């Protein structure tokens, strides 16, 4: 086993373990902070997959933005709401969670199926890309390519996402407005 | 194996530097504040009070380690560590001189921008973990402030990146002096590729970057929770904000993080706008000052001097300007800095297309 493999297993263990704690923990705040560890483990996995740009983006967006906002929402909500959440019968394995378990199990089946059927070592599109020389070496800066592709080939999805974000922004502004004045 | 040993040595060296800088920073802060307020500052401990900082450190180490009874112990203990590590990790990607950089990654700037945001999380952790209303108020203020000011800072950085066309800090540094591979034009008209010096710094390559630099500098003050944006630890209202409950070594760690952050943001400002490790002296005809003062050792000296000068300005501002109110803070960020930063970004695009 070489170093990259050892690192991969460490990262995978950190990611999965912390995700499990996020799901099981009764303390909501600790769950949120544990989620931070999960996201970091995921970023580490991206780095191991030589996708450093994705890894850093993951940290900027999830850790710097979304996680802090979740914490914000958490700390701004009243104590009674939080107590109600903490009080509820929160056994991890119980009959009430049956549907969730079935759903999760089905997802697992689908994912395992995908992993085994896909034959990741011999994907056709990877093969053709290798044959036609349509690859970017690891040591070169991939961001220029990402930028060009976003602005040419994937312009429509890119713009669609920006419109979606815009709608969310307008919606948030509308929700936070005081009633009665309008 | 030696390969990995170097990594540890570099990391340790950076940590030692951060510690030394913090000691110097604390001493400078005391002396400068004393000068500005027409006092003497520390005088008793050692000549000119230079032993004051070691004495403070000794005091901190001796202090009792107190964990509040109602605190969330894990979060409380981890918070200062995370705050410090968030800042310390940023140092990995900073270039010190031509070829002297701990980790030359091609998305260095983006990496620093990302890793700094961990500090916010640490601050929120400290605020919640302390289980103290002042702490949590301070933490909330800090997070709101840092998130808001990341936007103008980010756009000011994008303005530079559009001019430089790279995210690698070493390449951005290389472009601003006599070592540049491409043509460098002063204000877009005068070719100064072989003149170098102050004329080829980014702020003079494209004059609107001067505005971007000021925006970045103001935003960086807010991101490192320095006065006039220190409402997260406003001592007149919140005792000491998010670090109210910390004692001894934990407090020292928070302190270390604050000073490292000051240095980090100054370094990033210097690298992006003020010529990084390039000399400020230009070549004047046969007097090739720029060529003479360019080299590995010179680079380290220049970047240190420039970054320390910026830290000096930060200290000066802290003891000159009063603290802003929350609404003033947000007005400044959203109504002045953000539109200006957008304008800078727009001008950068036009400049790159038609002038450079």
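The backbone N, Cα and C atoms fix where each Cβ goes, glycine too.
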Range annotated as transmembrane segment - as stated in TrEMBL, picked from B:51-73, B:74-96: B:74-96
Tertiary contacts of the transmembrane segment (B:6-28) (same chain, 6+ residues out, Cβ under 8 Å): 42, 49-50, 52-54, 56-57, 88, 91-92, 102, 255-256, 259-260, 262-263, 311-312, 315
The transmembrane segment (B:297-317) vs the transmembrane segment (B:329-354): 3 or more CB pairs under 8 Å: no
